[in-house]
Structure formats: C-alpha cells, structure tokens
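Novice: Pulled these from TrEMBL:
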DOMAIN    166-540  domain 'Myotubularin phosphatase'
BINDING   N316, I317, C377, S378, D379, G380, W381, D382, R383  substrate binding site
DOMAIN    347-393  domain 'Tyrosine specific protein phosphatases'
ACT_SITE  C377  active site, phosphocysteine intermediate
REGION    580-607  region 'Disordered'
COMPBIAS  588-597  compositional bias 'Low complexity'
Amino acid sequence: MDELRMRCKTRRKSGTEHWNRRFWASRESLRMEPFADVPLLPGEERVIDKDLIYVCPFSGAVKGKVFITNYRLFFKSSDMDPAVTLNVPLGAINRVEKMGGASSRGENSYGLDITCKDMRNLRFALKQEGHSRRDIFEILFRYAFPLSHGMHLFAFLSQEKFEENGWSVYSPMQEFRRQGLPNDKWRITFLNQQYELCDTYPTILMVPYKATEEDLRKVATFRSRCRIPVLSWIHPDNMAVITRCSQPLVGMSGKRNKDDERYLDIIRETNGTTSKLTIFDARPNVNAVANKATGGGYEGDDAYQNAELVFLDIHNIHVMRESLKKLKDIVYPNVEESHWLSSLESTHWLEHIKLVLSGAIQVADKISSGNSVVVHCSDGWDRTAQLTSLAMLMLDSYYRTLRGFQVLLEKEWISFGHKFASRIGHGDKNHADADRSPIFVQLIDCVWQMTKQFPTAFEFNEHLLVTVLDHLYSCRFGTFLYNCESVRDANELRTRTISLWSLINSDQASYVNPFYAAESSRVLYPVASMRHLELWVTYYIRWNPRIRQQQQSPVEQRYKELLALREQYLKKLEELQLSDSAPHLPNSTTPSPASPTQRVTHLHTPF
C-alpha cells in the first residue's frame with residue numbers, strides 16, 4: 001500500500017512539475033508589471049496578469065487589467081474615473097467556463113464566464129487571436145480549485161499575524177462550566193476521545209449521568225452515523241435540556257432497540273418536570289417515512305411511549321440549493337422589478353427561512369416551559385444544527401454577544417460536524433456535486449432576521465454576519481474548512497491555519513452594534529410569519545451599485561457622527577480642566593468666575 005501511495009505521489013509530482021515548467025514559460029512571456037494597487041496579504045503571491053475587458057452587467061464593457069494571485073482575482077479598469085474594481089477571493093468561485101470559440105461573432109463574445117458562490121457572476125472578454133485565453137483559463141482553474149489539482153488551500157499558505165488567537169475562543173469544558181455542567185444529572189464522557197464512538201462528533205460529549213459507556217455504545221449502533229443524543233444546552237433554572245442526534249435506524253421492518261428507548265427515557269428523567277420528552281424531527285413527515293426505505297426512520301409511538309414526536313416540515317439540502325438558485329436568478333444581475341413579489345414568492349426562500357425559524361421557536365418554547373427536547377433530522381448535521389443553534393440564540397443572551405456568537409458557531413456547527421467542505425465545496429472543481437447546499441447561509445439569514453426584529457438585543461452588527469459569509473467561501477482562514485473535527489485534527493488545522501475569529505477579535509469595534517443593550521434573562525421570540533420576514537437585500541443584492549450606495553444605515557451614520565461630536569466635546573472639556581488647574585496669580589483680588597468643572601457639572605450627554 002505504501003509503495004502504491006509513493007508511486008501515485010511521484011506521478012502526481014512529475015505531472016505538477018511539467019505543468020509548472022509550461023506555466024513559468026508562459027508567465028515570462030507575459031512580462032508582468034508591478035502593481036501597487038493590489039492589496040496583497042502576507043503569504044499571497046502574484047501568479048499572472050492580463051489585459052482584457054470586464055463585461056460589467058451595470059456599466060457595460062470596461063477595459064482593464066486582471067491580476068490573479070494564489071488567493072484572489074483582482075480587476076482594475078484602465079479608462080474610467082473613478083476606476084471600476086473587482087476583488088474576488090478565488091474560494092468564492094464556483095465554476096469557470098470558456099465563452100465562445102475561435103469562430104464566434106459579435107462584440108465581446110469570446111472569453112471567460114465565472115460563476116461565484118456569493119450571488120454574482122463575472123464575464124471577461126479577450127481578443128480572438130491565437131489561444132489568448134488558454135493561459136489565464138488554466139491558471140484560474142488551477143488556483144480556484146487547488147484541491148482538485150493536488151495543491152493547498154490558501155489558508156495553509158497564509159502568513160498573516162493578528163493580536164488575538166481565534167482558536168482560543170471556544171473550549172468545550174469552559175462552555176459546559178458556563179452552563180453549570182457537569183452536575184448530578186449530566187456527566188462528561190471521553191469515550192469519543194479518539195473518535196472511536198462517532199467520527200463526526202467532537203471528542204468531549206455531555207451525556208446523562210445514569211447512562212454507562214456500554215449504554216452509549218449500544219445506542220450508537222441504532223443511530224445514523226453513530227450520532228447519539230447528547231446535550232447541547234441546559235436551562236439554568238428548570239434544567240430542561242436541548243439534546244441533538246441523528247435519526248434512528250428503524251428501517252422498513254420497524255426495528256426497535258431497547259437501549260435507545262431506555263436512553264431517551266433517561267434523558268427525560270434528568271428533568272423532573274418533563275412528563276413526555278418532545279422529539280422534534282426537522283423533516284417533513286413524508287420524507288421521514290421515505291427514509292425508512294434506506295434504513296432510517298423516526299421514533300414510533302409504540303416504542304417510545306414517554307415521548308411525543310413533532311415533524312417541523314423543513315425540506316432537505318437539495319430543495320434549499322434550488323431555492324437559492326432561483327433567488328439568484330431574480331436578483332442578479334438585475335432585480336426583477338415588474339413582478340417582484342410574485343417572483344420572490346416563487347423562489348420559496350423566505351418560506352424556508354420561516355419554517356426554520358418557526359421550528360427553533362417551538363424548541364425554545366418547550367425548553368422555557370420546562371420540557372426537555374431531542375432534535376434531529378436525517379444525519380443530524382444540517383437542519384439539526386440550524387434548530388439547536390437558533391433556539392439557543394433565543395434562550396441564552398450570552399450567544400447574542402460578539403464572543404458568544406463565535407462560541408455558538410464553533411460548538412453547534414463546527415465541532416458537531418456540519419459538512420462545510422461538502423456543502424460549500426472548498427477548492428473543489430465539481431460544481432454540480434449534489435452535496436452542495438446553502439444550509440449555513442440560511443442560518444445566518446435567520447440570525448439577520450432576528451437582529452432586524454430585536455435591534456438592541458445583539459452585540460454584533462450586520463457587518464459581522466456578512467464577513468462570516470464572505471469567509472465561509474474565501475479559504476483565507478481555517479475556521480470553516482473540512483467536514484468534522486477528526487479530519488481537522490488529521491490535517492493539523494489549528495497549528496497550520498489562522499482562525500477567522502483572530503481577524504474579528506483584533507478589530508472588534510468594526511463588528512459591534514452601537515444600539516446593543518445587554519439583557520441577561522430575556523428570551524427572544526421572533527415573529528416567524530411572511531409579513532414580518534424580509535429579503536436580506538444588503539447581502540443578496542449587494543453587488544448592484546444602486547443597493548451598495550444605500551448600504552449605510554442613516555441611523556448608524558448619524559450615531560457615528562454623534563460619537564465623533566462627543567469625542568470633540570470630551571477633548572474640549574479636558575483642555576478646560578487642564579487650563580483651570582494651572583496656578584493663579586497669588587495677589588489677584590479679582591473674584592474668580594466659576595471653574596470650567598463647575599460650569600459643566602450639570603451637563604449630561606445622552607451617550
């Protein structure tokens with residue numbers, strides 16, 4: 001096996017070297033010029049540049065130069081003032097295609113079509129002479145999809161340094177202690193320390209005190225992917241818990257597992273007020289029944305007599321992918337004005353947002369009333385993560401802080417194995433992969449909807465949410481790479497890459513909501529009706545220049561102006577106080593006026 005691996009490696013290496021020789025030869029012939037305008041990151045290297053035409057859907061054909069590095073595609077116009085620029089991380093590219101052929105007729109009909117993951121497309125036109133696009137196509141294809149070409153993602157090449165270490169944001173033990181765990185009902189198990197129990201779960205799990213290690217092993221055999229029910233969150237007062245897992249392996253024959261049934265009953269008993277454990281199955285009922293044909297299924301009333309089953313009707317990853325495609329069709333490049341409401345409705349995007357939010361509200365409501373819940377979908381890493389994290393955001397104000405939100409994403413999404421690599425396709429050329437789906441984008445959209453309904457309840461602002469989504473694709477940081485912790489450990493992610501939270505926590509002021517008012521015990525119940533949900537225009541339609549001009553909130557703008565004014569007044573006050581403390585002439589008999597300090601004693605600013 002080792003010999004075979006070595007042969008494959010040698011063959012791949014020789015193929016890479018051959019390509020590199022050809023590439024460097026063509027690179028020399030292009031005579032790249034210095035470019036002071038392109039903001040290179042530490043570790044970012046320039047690869048190629050080329051004169052071409054950007055076929056802008058808003059400004060028409062724009063002449064300029066495109067620069068490609070090992071991290072980004074950067075375009076700058078040469079004949080417009082102000083200059084038109086594009087700055088696209090290569091990780092955001094979904095597909096690169098050749099447009100037109102040698103015999104194509106029509107202006108700007110020969111070039112490249114680039115489809116992006118962040119709701120935009122790019123088109124570049126080149127001259128129809130020789131093979132003018134071959135070099136740039138091959139290089140762009142290679143660097144946009146490095147994993148498909150035996151190369152590293154940029155996160156492993158970056159040499160950025162930040163004041164804060166984002167990898168220290170989340171510690172499972174610290175987070176459990178914050179929740180008052182372990183206690184006499186719940187304990188920590190290290191059974192998964194080497195990923196032996198479940199290779200897509202984290203190493204540290206919180207399980208019922210009464211459940212033995214052998215119980216956990218038996219339950220794992222009856223849950224899809226061995227993802228057993230484990231604790232995500234406990235209510236500090238009524239001790240009701242949110243637990244998460246995957247579907248039971250019931251199958252067409254209606255199999256039962258006494259260990260699984262008893263385990264759910266033990267979860268119910270950890271909280272004295274839960275007469276019936278509520279099992280929230282995220283799927284539509286018909287889908288859950290269909291899953292029986294592939295060995296899955298749901299908890300039947302006859303087997304789980306102390307539980308009630310609630311289906312939440314949230315559709316699968318394929319439905320969500322098609323829905324976002326339809327949304328992109330009506331917002332890019334131009335907004336479908338004539339039948340906007342009906343066009344938006346036909347995408348069903350807001351309908352899906354509503355169902356996810358509605359499901360999370362039901363979970364939060366059960367917990368608030370003292371009833372423990374189990375949440376699952378099919379495998380427990382998509383819709384389950386949406387429901388648990390949103391319910392926790394509603395219930396626990398800590399997760400509504402800047403740092404707490406980072407902990408929430410690390411805990412419920414990253415550590416519990418949401419398949420980021422499969423859903424996003426980092427560095428992978430297979431754009432038609434059926435595993436691609438905007439599940440995490442939906443979560444951030446739901447959070448944005450909550451920030452709109454509760455504008456003072458969140459310490460972070462919209463800029464944080466957009467930044468998170470931008471770097472979901474960018475591959476600049478290691479935070480969202482790979483499908484689960486076991487693969488991240490195998491690739492030494494924490495030592496070889498930088499965390500997104502390093503960037504954010506080194507510049508917190510940019511991500512803070514100026515209207516935040518901390519409230520420790522308030523539970524948020526957003527209104528999940530179509531009348532109260534909005535399309536997140538400043539994300540989905542942000543590439544439209546008209547929308548971009550309106551992005552700055554007038555209220556936030558005014559607030560910033562007032563803050564600047566406040567700084568001026570405070571500085572003036574300080575100067576007056578310093579002048580007042582200067583020594584006076586000793587023989588002066590003139591009565592001194594009230595000191596500046598006295599004069600401003602009764603001035604109160606509303607800040």
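Every residue gets a Cβ built from N, Cα and C, even glycine.
Give me the structural setting of these features: burial, nearby parts and distances.
Specialist: In the structure as shown, the Cβ atom of R383 (substrate binding site) sits within 10 Å of 28 other Cβ atoms.
Within the model, the domain 'Tyrosine specific protein phosphatases' (347-393) shows a mean pLDDT value of 98, rounded to a whole number.
The 10 Å shell around the Cβ of C377 (substrate binding site) contains 28 further Cβ atoms across the protein chains shown.
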Novice: Let me check the 10 A CB neighbour count of D379 (substrate binding site). How many other CB atoms are there?
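Specialist: Its Cβ shell of radius 10 Å holds 19 other Cβ atoms.
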Novice: Sequence gap of 6 or more, C-beta under 8 Å: which same-chain residues meet both conditions with respect to N316 (substrate binding site)?
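Specialist: For N316 (substrate binding site), the qualifying residues are R283, N287, S378.
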Novice: Excluding near sequence neighbours, so keeping only residues 6 or more apart in the same chain, what lies with its CB under 8 A of W381 (substrate binding site)?
Specialist: T200, R227, S246, F416, G417, H418, K419
